[in-house]
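Asks: Quick paste from TrEMBL:
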COMPBIAS  35-48  compositional bias 'Low complexity'
DOMAIN    181-476  domain 'CDC20/Fizzy WD40'
REGION    24-87  region 'Disordered'
REPEAT    227-268  repeat 'WD'
REPEAT    310-341  repeat 'WD'
REPEAT    445-476  repeat 'WD'
Amino acid sequence: MAQFLLETDLHGLLKLDTPIRNAPAARWQRTTRESGAPGPSPAGGVSPMKPANRSHSFSKTPCRTPGKSGSKIQSTPTKAGGDRYIPNRSTMQLEMANFLLTKENEPAEESPTKKEQQKAWAVNLNGFDIEEAKILRLSGKPQNAPEGYQNNLKVLYSQKVTPGSSRKNGRYIPSMPDRILDAPEIRNDYYLNLIDWSTQNFLAVALDNSVYLWNHASGEIIQLLQMEHPDDYVSSVSWIKEGNYLAVGTSNAEVQLWDIHHQKRLRNMTSHSSRVGSLSWNSYILSSGARTGHIHHHDVRVAEHHVATLAGHTQEVCGLKWSQDGRYLASGGNDNLVNVWPCTQGNSGDFAPVQTFSQHQGAVKAVAWCPWQSNVLATGGGTSDRHIRIWNVCSGTCLSAVDAHSQVCSILWSANYKEFISGHGFAQNQLVIWKYPTMSKVTELRGHTARVLNLTMSPDGATVASAAADETLRLWRCFEMDPIKKKEKEKANNAKSSIIHQSIR
């Protein structure tokens, strides 16, 4: 009988201790209220803008003590630690918990049919497969977002970029020249054009009364010619598009044509009465600008080579350039004018400029046509102007103008980037790369100790050669392409050439 009562009392004790399990939740609620955290809202509701915490909802359920009246409710002791929690391990089902934990680590074995159904349901409900859109994974490489997926938080996160996370996507441009060559006795004359780079990778340089050829591939140097009279000098050089003939202008008003493979002079064309400071090719037509302000067209195929005269300048023509499509010839002179000439004669039989720009306040030597917009022309003024201007030759409007703060001696457009480079004299003697059409500076290249006289570009468009009055030639690899983009460009060019050959056949 005593044993039976003892077991009954123990059983009652265990039941009496059961409500004490809610004590930790009650103490957590009391602690949060004392610390100032919001407690449960009235009428058992959930606080606004806060998720419901369901893990502690059982603490609000009253527990009744066995053997007592239903009107009295078991309350939690006010002092912490007054009662102990004695767990009843027999009701925890440890074996079931061990089985569930073991099953989670095992690979899920689902039939292909069930997986396909789940994938179809996910696509129909969400618009994408959930398994493929997971961002956090315990193992394996992160997967890309599915095609067509749009992140609704993209606008939120892309409104402001912190300075620490922002990166410049610009390419690397070396600030030092790739190579420096000596150019002794190069004439320090702003109005002359003394260097040019051929499509066969030969760099022609006029040094006083001689012309030298430098093979960029092999490094070989060839002296092509030397003037017979010691007082005469070479005033301009220009390669034909194919790169096998070189035109040479001299101080004694001659225009010579040389074959570089045989190193032989083919023709000596005399039509000017003063030195020839600028030359430009348009197929078989060679245009030459002289100190008198006249421009002559020479047809190198015929004996009577002088076929036209352009009279639009009153002073020396120091800038001359045909557009790539051969439609227009741009000329800049010491009279601060820029003339744009058509390739054909007018109704009267004479050549008249289609546009004349007079906004420059100094001599205009730098003239360059945009390679991807045939009607866009860039010009640069001398010391008293120092501005670079972009023109639309069709409408005659000035698209933009920027103060370069230095004498502008030469301009070259890049074929690899939407940029152009300018060479400067007094007082900076630097090269500047400009972004087009924003006209913002990309970088400055410094190293010359005297004014930059001329610029020319390698046939691949990656290297710019600058000749300066400090008697040096510097090669800058400022427009080098990314290898992947370079291969894509070569493939596109090869595809175009194959199409042309097919159409000819």
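Heads up, the Cβ atoms here are built off N, Cα and C, so glycines get one too.
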Asks: Please list, for the repeat 'WD' (310-341), how many residues fall into helix, strand and coil according to DSSP.
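Replies: When I sort the residues of the repeat 'WD' (310-341) into the three classes, I find 0 helix, 18 strand, 14 coil.
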Asks: Please spell out the DSSP helix, strand and coil residue counts for the repeat 'WD' (227-268).
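Replies: Grouping H, G, I as helix and E, B as strand yields 0 helix, 23 strand, 19 coil.
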Asks: For the repeat 'WD' (227-268), report the average pLDDT of the model, please.
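Replies: The predicted confidence over the repeat 'WD' (227-268), as a mean pLDDT, is 96.
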Asks: Count the residues of the repeat 'WD' (445-476) that DSSP assigns to helix (H, G, I), to strand (E, B) and to coil, and report the three numbers in that order.
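Replies: Residue counts for the repeat 'WD' (445-476) by secondary structure: 0 helix, 17 strand, 15 coil.
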